[in-house]
Amino acid sequence: MTESAAPSPRCVAAILLAGGRGLRAGFGRPKQLEWLCGKPVLRWSLDVLAGYPGLSGGVLVANHDVMAATYPLPEGWMAADPGVERQQSVANALSALTDWPDDAVVLVHDAARPGVDSAVVDRLLAALDGADAAIPVLPVPDTLVEAADGAAGAVVARDRLARVQTPQAFRLGTLRRAHAEASGAAATDDAQLVRSLGVSVATVEGDARLHKLTYAADMAILAGLLGTKDMMRTAVGMGYDVHRLVEGKPLWIGGIEIAHSHGLEGHSDADVGLHALTDAILGALGDGDIGDHFPPSDPQWRGAASHHFLSFAGERVAANGGRIGHLDLTIIAEAPRIGPHRVAIRDRIAEILAIPAGRVSVKATTTERLGFTGRREGIAAQAVATIQLPET
């Protein structure tokens, strides 16, 4: 967790919870990083909250993968580690706000509700003029029944029920006390903990656009609610790398080790495939090349595994609000034969970048015994990366 930052005089902070695993959504990666109408789900909430005029700072609670894809954080924001449960994640964020006074206001919001806007925040802050806590709610439109063993029971009166959303607003001291006295109670939101103190929680009008992303089908619902079309441009980058073959070294190509009498010589593990892909992605971003970010003059990269370089390039795509559309890698070698390893290489590249294997193509060719590759002096690789980036 980063050190606490001193608050500004207005003392309004946000806690953005993005530490959930999202298993029910079934995306194969954190749902906060899924693409929604032109940018990752997490970015919808982060951009609105960080841009809110009355906000003095914030805490993003997220695991390493999500944090790396979101770097750099907005000015005034800090990072905190997630807990096993939501309640612990909020407690970790509160620890990052140690220097903030009890009369400060804190907004607690779930990143899985990307439709937050300034209007609902305005209503919440206004409600705190006469309360220690406020939450957005919507009426329940459906008929509700008790259900058990596959049978419908009595109808539940809905006129006294409401759907609770986030963000939720609290006086910081009240929320601190609620978490301190929670004693491990499992609460689904922070208002539940605050109510256990006997504190009245005000309600304000919610927003249908604060629909929660829980299942994969919710993506289509949110896309319709947010009413924004993808405004993306396609960028293409090319990469090329070559290394000399030397006897007695391990041979790494495309992130896997291949049994061979010779290996590639270089400052790192000399993986020509991953180096070419890294340069192709960085080229599409207009973000220099592998030597700019991992200079061979830097001893920390001596013997380094090249998957670190490719992973970095993928994180840079995400940090720029982009996504990898397709990668095409060609290995140029007389020996060893690459064909038997193509699937393993493809799958390893997809694993490193956390993208579907169908977005990766791996091919191999020779130079018909011509040139340095034909003489088995070295191996070359060339790559093309196609990525989508937000229009600027």
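Keep in mind that glycine also has a Cβ here, set from the backbone N, Cα and C atoms.
What Swiss-Prot lists as region '2-C-methyl-D-erythritol 4-phosphate cytidylyltransferase' is 1-234 (among others).
According to Swiss-Prot, the feature region '2-C-methyl-D-erythritol 4-phosphate cytidylyltransferase' maps to 1-235 (among others). Averaged over the region '2-C-methyl-D-erythritol 4-phosphate cytidylyltransferase' (1-235), the predicted model has a pLDDT of 86.
Annotation comment: Swiss-Prot describes Arg24 (among others) as site 'Transition state stabilizer', evidence class sequence analysis.
Counting every protein chain shown, the Cβ of Lys31 (site 'Transition state stabilizer') has 28 other Cβ atoms within 10 Å. Swiss-Prot lists Lys31 (among others) with the feature site 'Transition state stabilizer'.
The site 'Positions MEP for the nucleophilic attack' annotation in Swiss-Prot covers Arg158 (among others). According to DSSP, Arg158 (site 'Positions MEP for the nucleophilic attack') is assigned to coil rather than to any helix or strand.
Annotation comment: Swiss-Prot describes Lys212 (among others) as site 'Positions MEP for the nucleophilic attack'. For Lys212 (site 'Positions MEP for the nucleophilic attack'), the number of other Cβ atoms no farther than 10 Å from its own Cβ, over all displayed protein chains, is 16.
Annotation comment: Swiss-Prot describes 235-392 as region '2-C-methyl-D-erythritol 2,4-cyclodiphosphate synthase'.
Every protein chain shown contributes to the tally, and the Cβ of His243 (divalent metal cation binding site) ends up with 22 other Cβ atoms within 10 Å. Annotated divalent metal cation binding site per Swiss-Prot: Asp241, His243, His275, in sequence order, evidence recorded as sequence analysis.
The 4-CDP-2-C-methyl-D-erythritol 2-phosphate binding site feature in Swiss-Prot is assigned to Asp241, Val242, His243, His267, Ser268, Asp289, Ile290, Gly291, Thr365, Thr366, Thr367, Glu368, Phe372, Arg375.
His267 (site 'Transition state stabilizer') carries neither a helix nor a strand DSSP state and counts as coil. Using a 10 Å Cβ-Cβ cutoff, His267 (site 'Transition state stabilizer') registers 17 neighbours. Swiss-Prot lists His267 (among others) with the feature site 'Transition state stabilizer'.
Marked as site 'Transition state stabilizer' by Swiss-Prot on the basis of sequence analysis: Thr366 (among others). Within the same chain, residues at least 6 positions away in sequence whose Cβ sits under 8 Å from that of Thr366 (site 'Transition state stabilizer') are Ile332, Ala333, Glu334, Thr373, Gly374.
Reduced to three states, the DSSP call for Thr365 (4-CDP-2-C-methyl-D-erythritol 2-phosphate binding site) is strand. Most other Cβ atoms within 10 A: among the binding-site residues Ser268, Thr367, that distinction falls to Ser268. Taking the C-alpha positions, the distance from Lys212 (site 'Positions MEP for the nucleophilic attack') to Lys31 (site 'Transition state stabilizer') comes to 11 Å. Here the candidates are the recorded positions Lys31, Asp241, Thr365, Thr367, and by Cα distance the one nearest His267 (site 'Transition state stabilizer') turns out to be Asp241.
The Cβ neighbour count for Arg158 (site 'Positions MEP for the nucleophilic attack'), using a 10 Å radius over every protein chain in view, is 13.
Using Cα positions, the member of the recorded positions Lys31, Arg158, Asp241, His243, His275 nearest to Ile290 (4-CDP-2-C-methyl-D-erythritol 2-phosphate binding site) is identified as His275.
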